[in-house]
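Comments concern the structure below.
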Amino acid sequence: MGQKSVKKAASAPVATPFQKHGYEFFGPPGVCILLIVLPIIVYVFPFVCNDISGCPAPSLLHPSTLSLETLKREVGWPENGLRGLYDTQVTCYVLGYYLLLLVLQVVLPGEEVEGVLLACGGRHKYKFNSFLSAVLILGGSAAGSYIYGPDFPVWTFLWDNYIPVLTANLIVSEALATFVYLASFTVPAPGKPNPTFRELAPGGTSGNPIYDFFMGRELNPRIHLPIPFVSEASKILDIKAFCEIRPGLLGWIILNLSNIAHQYKVNSGHITISIILITFFQGFYVLDALYMEPAILTTMDMITDGFGFMLSFGDLVWVPFIYSVQTRYLAIYPLDIGLWGLVVVLGVQSVGYYIFRSTNNQKNRFRTNPNDPRVKHLKYIKTAAGSHLLISGWWGCARHINYMGDWLMSWSYCLPTGIAGYLIVDQINPITGATEKRAVQTPEVRGWGNLVTYFFMLYFAILLLHRERRDEAKCRRKYGKDWDRYTAIVKSRIIPGIY
């Protein structure tokens, strides 16, 4: 679209009335709990599953004799208490990481596209170059690893300062959530001129400050950067799109690579197939998402959800630090899963990916060209809204069959950790004679580590169930009686014949 047409469209829109909908997460009481519990969970994992005493800390298995002082010593709690969770220098380095990502977004070439049609009648412009940014950063990390080996400063910095790095990202997420919440009160009122297409999110305008802070009041908060000599799209920082795809996803992979470097050092120069598998699966997932970056424009996060604490914390803290838990575990306890373990993990990942990719391909092909030979045989019902709902093929098996593939893939992130749990003991190195700390598995701790390494499977199942319920409610509002007719034919929600 030419520049003239964009300017013309930008001068016309006015803010439109928005529709509120009911509470989620059990309303204000529920989000109050989440605001407290979610950050605690992220801190609990590295303290409870550590390289000082074990996974879990031994005292936790003997609650009757548990003492706070012993537990603090076993989990490596800072001597100066909560202040030890924060480090100013580390925070500056983390802010430098965010600044680097922002600079790369602005200066690197990228695909410039328009987003979906907004309620006010306009469309936001976006510039996408996350994949190129990731290639440059990961390429630089590879070069650094080639020169310095496992002692590449980035890897040692992340391992040695894991908790302060976590805290810095938490501070950034809280600051962003606060900023966009306050800025949302400058969104033009209904009927007022709205040249920048700002909108409030229906789910974040309840009037309850805590609930709206969590859910996000503004749909697409944006900042105009006063930078010369770049395109208009390069001058726009869409905060939600930036956080959704850049810092957290790339940070997840960088943390995994740091964990591999640490395993190499503690495992006598060897890297286990278990940690390689997880890093490969997750790296493929992230790079695929970065390569297909424009696809985020049609996701529920972008078109429905406001940007508040939920997305800010989720994108910047939860994703990188919770999703990398398995490789951090294996960095300390280098488990060799053997040939049959490799076969099982590859089998689960392959089945999950096949279901996930083939279901989405089938849906996208049908939407793009119903006469495509690969999908023209599929049966469907036509709705009053003009849409076609598939009732055969993959989508005749379950209404959200792609979620089953997604969940199966999450298994392959956890299974390489085996039956988890270890104890840190002192052992004498037979070559040097020096006393070293080693992770060993004993019958007492065996299995207790699963609470950490398999948490992702449980969380992801809950996430998909919640998302499925939201999808169902949205479709029921959109299609009405046609949705009832559709669900009478396709009865299963995610797992055919079971759920």
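Glycine residues also receive a Cβ, built from the backbone N, Cα and C atoms like all the rest.
Under the heading transmembrane segment, TrEMBL lists 25-45 (among others). Sequence-remote contacts of a segment are chain residues at least 6 beyond its ends whose Cβ falls under 8 Å from one of its Cβ atoms, and for the transmembrane segment (25-45) they are 85, 163, 166, 170, 208, 210-211, 214-215, 309-310, 313, 317-318, 321-322, 325, 452, 455.
Note on the transmembrane segment (90-108): residues 127, 129-130, 132-133, 136-137, 157, 161, 164-165, 167-169, 171-172, 225, 227, 230, 234-235, 237, 242, 246-247, 250-251 of its chain, located 6 or more positions outside it, place their CB under 8 angstroms from a CB of the stretch. Annotation source TrEMBL lists transmembrane segment at 90-108 (among others).
Sequence-distant neighbours of the transmembrane segment (128-149) (same chain, 6+ residues past either end, Cβ-Cβ under 8 Å): 100-101, 104-105, 108-113, 155, 245-246, 250, 253-254, 257, 261, 286-287, 290-291, 293-294. Positions annotated as transmembrane segment by TrEMBL: 128-149 (among others).
Marked as transmembrane segment by TrEMBL: 161-183 (among others).
Annotation comment: TrEMBL describes 271-291 (among others) as transmembrane segment. Sequence-distant neighbours of the transmembrane segment (271-291) (same chain, 6+ residues past either end, Cβ-Cβ under 8 Å): 130-131, 134, 245, 249-250, 252-253, 256-257, 259-260, 263-264, 323-324, 326-327, 330-331, 334-337, 341-342, 345-346, 349, 409, 412-413, 416-418.
Positions annotated as transmembrane segment by TrEMBL: 337-356 (among others).
As annotated by TrEMBL, transmembrane segment applies to 407-425 (among others).
Annotation comment: TrEMBL describes 445-466 (among others) as transmembrane segment.
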